[in-house]
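Look at TrEMBL and you will find 16-205 tagged as domain 'Calcineurin-like phosphoesterase'. If you look up TrEMBL, you'll see D23, H25, D65, H204 marked as Fe cation 1 binding site. Marked as AMP binding site by TrEMBL: H25, D65, N95, H96, H204. Per TrEMBL, the feature Fe cation 2 binding site maps to D65, N95, H163, H202.
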Amino acid sequence: MAFEQFELACADNGDIRLLQVTDTHLFAKDEHNLLGINTSDSYQRVVEEIRHSQQSYDWVLATGDLSQDHSKDSYRRFANITRQLEKPCFWLPGNHDFRPHTTALSESGIIDAKHLISEHWQIIMLDTQVTGKPMGLLSSEQLEGLATALQQYPEKSVLICMHHQAVPVGSRWLDQHNLKNADEFFQVVAGCSKVRAVLFGHVHQNFEMEHRGIAFMASPSTCIQFLPLSAHFALDHQQPGWRYITLKSDGTISTRVCRLAERTFLPDPDSKGY
Ligand SMILES: Nc1ncnc2c1ncn2[C@@H]1O[C@@H]2COP(=O)(O)O[C@H]2[C@H]1O
Ligand SMILES: [Fe+2]
């Protein structure tokens, strides 16, 4: 199995400049919220802040859990807010996404391609969803597609994106919902020294760690934040955020996480989960 390919143009200096938004958890209805945060308002504020920032980016990557209520309208809402960024957006599914209704994404201009190719880099967007379960798993088709992509362009540096964490983030309650066959994933990437980074969502926090020579990076959600290194479910009062990533032509990466400055979005302190 091979993934459908999409050619990525680079900036004048050869860089691939990315913006990651993740875990928007949107609803169809304007007034619905997740643990006290109106997820539409928080994503809209994030997009406004990105528009006002000086940082340039050419492509948007959305790394799953775009919807919280499974509705087609929640995916239309995602596309409508994301459109304001005025850059092409690629997406991959998280555990909360509902595949029969994600068709609303492509109908609204969000790009479905999962294998993005540029002169010096390839970006591979993997599907780790197990329908109805919070944990992640790479199917044999996904592992085969990954292996095929790595073999096809052995000279290109690689960024792999997926929703779930392939390495523990250090919170017991959250790490039980991890990528269950991370060992199989590592077997496939072990054959390729060009894998530079794995970018993920799901953990609703800024996380950066090097493991087996690969940079693992997760980013704040655009809505609720989980408290890092907590054994039990706990929310953080940090604000919604996003990440910029620059893939340079020499195979190196520079990255930066940003958050909303004003403390507008505060979750319900009595939340026990969702
Ligand atoms: N209190 C909790 N304990 C364990 N898991 C939870 C709890 N609350 C929510 N979850 C699950 O953990 C997941 C982590 O992030 P998600 O947004 O994917 O969705 C969350 C839920 O599926
Ligand atoms: Fe998730």
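The backbone N, Cα and C atoms fix where each Cβ goes, and this holds for glycine too.
TrEMBL labels come from automatic prediction, so no person has curated them.
Locations of recorded TrEMBL features on the structure.
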residue: D23; record: Fe cation 1 binding site; Cβ neighbours (10 Å): 30
residue: H25; record: Fe cation 1 binding site; Cβ neighbours (10 Å): 29
residue: D65; record: Fe cation 1 binding site; Cβ neighbours (10 Å): 23
residue: N95; record: AMP binding site; Cβ neighbours (10 Å): 19
residue: H96; record: AMP binding site; Cβ neighbours (10 Å): 21
residue: H163; record: Fe cation 2 binding site; Cβ neighbours (10 Å): 27
residue: H202; record: Fe cation 2 binding site; Cβ neighbours (10 Å): 29
residue: H204; record: Fe cation 1 binding site; Cβ neighbours (10 Å): 28
Within 10 Å of H25 (Fe cation 1 binding site), Cα to Cα, which of the binding-site residues N95, H96, H163 are there?
H96
Would you mind pulling the longest C-alpha to C-alpha span across H25, D65, N95, H96, H204, which the record has binding AMP, in angstrom?
14
What's the CA-CA gap between H96 (AMP binding site) and D65 (Fe cation 1 binding site) in angstrom, rounded?
5
Distance [Cα-Cα, Å, rounded] between D65 (Fe cation 1 binding site) and H202 (Fe cation 2 binding site):
7
Would you list the other residues of this chain near AMP - those whose C-beta lies within 8 angstroms of the C-beta centroid of H25, D65, N95, H96, H204 - in sequence order?
D23, G64, Q68, G94, H163, G201, H202, S221
Fill in the CA-CA distance, N95 (AMP binding site) to H163 (Fe cation 2 binding site), as an integer in Å.
8
